[in-house]
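TrEMBL has this to say about the protein:
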COMPBIAS  75-99  compositional bias 'Acidic residues'
DOMAIN    2-43  domain 'Hsp70-interacting protein N-terminal'
REGION    59-120  region 'Disordered'
REGION    241-265  region 'Disordered'
REPEAT    154-187  repeat 'TPR'
């Protein structure tokens, strides 16, 4: 760093010491957060002009390279071909993926007799009673029995998927939801269960797609409630993607222009 820039930086630091509220300027929030990442204690006045705290520790565009203003320091320019994406603040409950061995699935080629269908329904009734009593493991056992007796029922798979969701086992729920959709591509319960399970895994965009399909097939309030939690995250992800697509496009255009100007006529 040359001497003039070093003097600017010293002057800026002195200003911050005498008036920490300077750091509340959103345009230099990255500098304040850099100080915090080093373990520095920043006074409350450094946040007075911000409603929310953005997570970003990198220079995101060429505009951020400009002077910080009022004799403040320049930030050294990074490699112009490198754009490091900032984090996205997302909300909503997520869980660690369940890595249990795959659950038992029915044989789709088995011949299902009327007796098997009746026995499958009885097993489902027992499962529903177990769910009401909060006995989820017992419910899974009964639903597995129902599925083995009648592996052609999308409802059985969808119901077991919903129990796996209650147990916070989204991967197991997705396997059952996929099985339900293979049997019945219009299974609202299959799309709903898969959508909720994907939301638990933080797969927000995939979750939204499934939940919208489920809602179009058979709307219910639970789907709507989950969508209200999922869609804000989807919008943030889409905005984030558009922002960095734009930055990369601008960077590429500038690179092409520099190469054009440097190339011999």
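Cβ atoms here come from the backbone N, Cα and C positions, even for glycine.
TrEMBL labels come from automatic prediction, so no person has curated them.
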Mean per-residue pLDDT computed across the repeat 'TPR' (154-187): 98
Secondary structure composition of the region 'Disordered' (241-265) [DSSP: H/G/I, E/B, coil]: 22 helix, 0 strand, 3 coil
